[in-house]
C-alpha cells in the first residue's frame, strides 16, 4: 500500500513538475518572414516535446497597429519577431521585457549581429535579440554587362565606376537602362542609399538618434551622384513615382544594368528568374570602401509574459547551427557570425557577399524612425524625391529643410 | 402650451389606461431597440471614444496621459493639417462640379426609354461597384509611365514627345485622380438624379415646348428647379464623400508629388498610424467632423425650400 502510494505520489510530482515547466508561447511575425518563420517554428516544436511555440503571421503593414491593440487589451503575444528598426520605439513605450541577462549569459553573445543589438538596446538595456537578417548590396546584370563590353564578373567599387558602367549599359538602347532605384520610397532608400553615405564617412543620425545629421557634404554628394544619373537619362522615368512596387521588379525584367538591392533579392531571383545572370557586390563609398544596411528582425518579448523558459528554449534553438542553417536556406541571413559560414554552406556563393555586408552593416537608431524615414510624406522621403529629380542648386536648400524638419520631429516626439 | 397640456390631460383621463399605454411604449421601444443599439455601438460610442481620446496624449503603443485641450491648441499651429484641408477643399470643388455635371449629363441621357438604355445604365453604373482601393490600383497601373497605358499610348499617338510621367507633377497627377473618381462615381449620382428627372411630369415639358421654350430654357426653368431635392442629396453626399477622400491619393500618389496631394483624412491617418499619435489624430477627426457638419448644414440651407409655407 505504502509502495503504491509512493508510486502515485511520484507520478503526481512528475506531472506537477512537468506542468510547471512545459510552456506554450504565442509568437507573431510579419508577413515578410513567412518563408522561414513557419519552418523554424515547426522545427523547434519537433526538436523537443516540452515547449511549444504557436506562430501567427501578421500582414507587415498592420503589425504595429495590431500589436498595439492587443497590448492595450492585455492579449499581446508572448514574443514578436519585430522589424528591427521599431525596437527603440517599442522599448521606449515600455512594452518590452528586459532581456539583458539572458543575452549576456549566452556563450556566443559576442558573435551576434552588432547592428541588430545596437537598435535592440535602449538606455543600456537589451530589449531586442538579433533574429533574422537582410543586408543591402549592389546587384548587376551580367548579360547586359557583357553586351556593353564590360567585364561581367567585376562589379563597380566606386561611384564613378557605377556611373561609368551604367552609362555603358544604357548605351545599349532598346528599353535597356543603366540604373534603377525607387525614387519615392523612404524605406527602400534608407536600405540602399544610406550605405553610400556611410561608406563615404557620413551618417544621418548622431547621439542615439537625438540629433539629425543630414546636412553633410557626403549627403549632398550622394544626392548629386543620383541626380546626375537621372539627368543623364540612365534611370527609367517611373523611378520618380515608384513607392517601392518596383524596388525588386524593375531589375527582374532583365532591362536594368545595376540596382542597389538586398540579400532577399538573391533568393527571389534564383527561384523565380532562372535565366537572369547577375552578380552581387558591396554598396561602395564615393572613392571606395563599402557599407551595408543591416535589416531584418529583432526577437522581442512582451512585458507581461511570464513564460521565459519557453522563450529561452526557442532562442537557443534559433541560435543553434540547425536554426541558423534553416534560416539561411529560407531567405534570411544568419545572425550568429561564428557559425555563419557553416550555416551558409552549400548555398549560392553570392549569399556570402550579402552575409559579409550584413555582418559589417549598420542600422540607424531612432525612436521615431517610422515618422522620419519610412513615412512616404516624412522628411527623408520628401528630401530625396525632391533632390534626386531636381536641379543641382536645389540640393543644398532641400537637405537643409529636411534637416530642420527631422530635428523638429525628434524634439517634439512624445 | 396650455392647449397641449390640456389635451394631454384629456387623453390621459379619457383615452387608454395608463398601464396599457406604458406597455405600448415599451413594445415600441423593443421594436426600435436593435436600431438604437446599432447607432449606440457603431456610432455614438466610437464618437464618444474619439472625443475622449482627443483629450489625451494617446500613443499607439504605450500609456495614454490626460492633457486636456492641448491637442486642440497644437492643431492651430499645424500647417500640415491646414494645407491638407485647403487641398481637400480644392479637390472637393473639382470633384463635386465634375461628378454632378457628368452625373446629370448621364442621367439626362439614360432617363428616357430608348434602344439599349438598360445597357447604358448598367455600363455607366458598373464602376460604382468597384471598391475605391481596387479602382485606385487599376488607375495606378494605367498611369504608370513604364508599364501602364496612358503615357505609352500618348507617345505612340504622337501627342507627346517621349513618355511623360503623369504622376510626377501636380496638375496631371491631380487631374488624373479626379478623372478616376468621376469615372468611378458618376454612375451613382446618375441614378440619384435620374430618379428625380423621372418624377417630373411630362406635361410640364410639353406645355413649355408648345409655348416655344428651347432645350436650355426648359432645362433651366423646369428641370433644374424640379430636381432640386435629389440634387441637394447628391451634392451633400458628394461634398462629404470628397472631404473624406483618402484611398485614391494614398494608393495612386502616396500624397505626392512632394506631399502636395495630402488630404485631411490622409493627414489624420499619418498622425495616427505613422507618427503613432492617436490622441492628436482624434482631435483632428473631431475638428473635421465639425467642418463637415457646418458644410452639410450650409448646403441644406442653400437647397432648402424657400417657398412660402402653405
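Glycine is treated like the rest: Cβ placed from N, Cα and C.
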Range annotated as transmembrane segment - as stated in TrEMBL, picked from B:91-110, B:151-170: B:91-110
Cβ-Cβ under 8 Å with the transmembrane segment (B:231-253): same-chain residues at least 6 beyond its ends: 88-89, 91-92, 95-96, 99-100, 103, 132-133, 135-137, 139-140, 143, 167, 173, 176-177, 180-181, 185, 189, 192-193, 196, 224, 261-266, 269, 288, 291-292, 295-296, 299-300, 302-304
Chain residues outside the transmembrane segment (B:278-300) and at least six past its termini with a C-beta under 8 angstroms from it: 47, 50-51, 53-60, 64, 67, 71-72, 74-75, 81, 85, 232, 235-236, 239-240, 243-244, 264-265, 267-269, 271-272
